[in-house]
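Colleague: Please find one structure pasted underneath; my questions will follow.
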């Protein structure tokens, strides 16, 4: 039930931005599209599968892909920032003992060469190709700017709902831990740890963070004295539950859509 609530909040968050358009779909039409995009995002590396899918599905129904992508991008950016802020509470104990001079030096040694390489690659892009994408990128940023100016209240509401969504996701993990007999952790300790481990899913190295999220969770919950097999069992149980909750309705919607198209 908590996972379903998290998904509904995610759909409402994005729909708040979509309804700013004069051609916004009804929520009853948008929900199965969002649900299917969410299901696809669960098996695609990084956190772009759902964003790309909802953009493509709405574009097929006549909506501007730039407008949809801009709104999806803003929603994703808000979620990322909120999760970072919540995760800070989980990560503080791990960074208190670090030598900041040494860590900053290591970070600079990594970031500076990568930045230089990125700038060099950009300069090698052909001018024609760059100009071809310039208008499209400009259109997306124009949409983002328009939303921030036109509806700051919707942005604030999105932030608040994202905070609630993050809390509910942490509560789902807490409930799983309780169900398998772990009673020594409280919900307020669980939420930031879950947010911190979920951030790893944004790194496109596996299917929606499969394996990497669990590894991060093992490390973080070990700080509370919870055994690795217990943490792994909780994470895998919830991942399977999420996949089932996502793909069962999405599968029904996809099959019904194909049947209607065939008729």
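Cβ coordinates are placed from backbone N, Cα and C, and glycine is handled just like the others.
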Colleague: Taking 104-123, 124-143 as the choices, which stretch does TrEMBL tie to transmembrane segment?
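Modeller: Of the candidate stretches, TrEMBL labels 104-123 as transmembrane segment.
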Colleague: Checking distant contacts: for the transmembrane segment (215-234), what same-chain residues at least six beyond its ends satisfy Cβ-Cβ under 8 A?
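Modeller: For the transmembrane segment (215-234), the list is 90, 93-94, 173, 176-177, 180, 182, 184-185, 189, 193-194, 196-197, 199-200.
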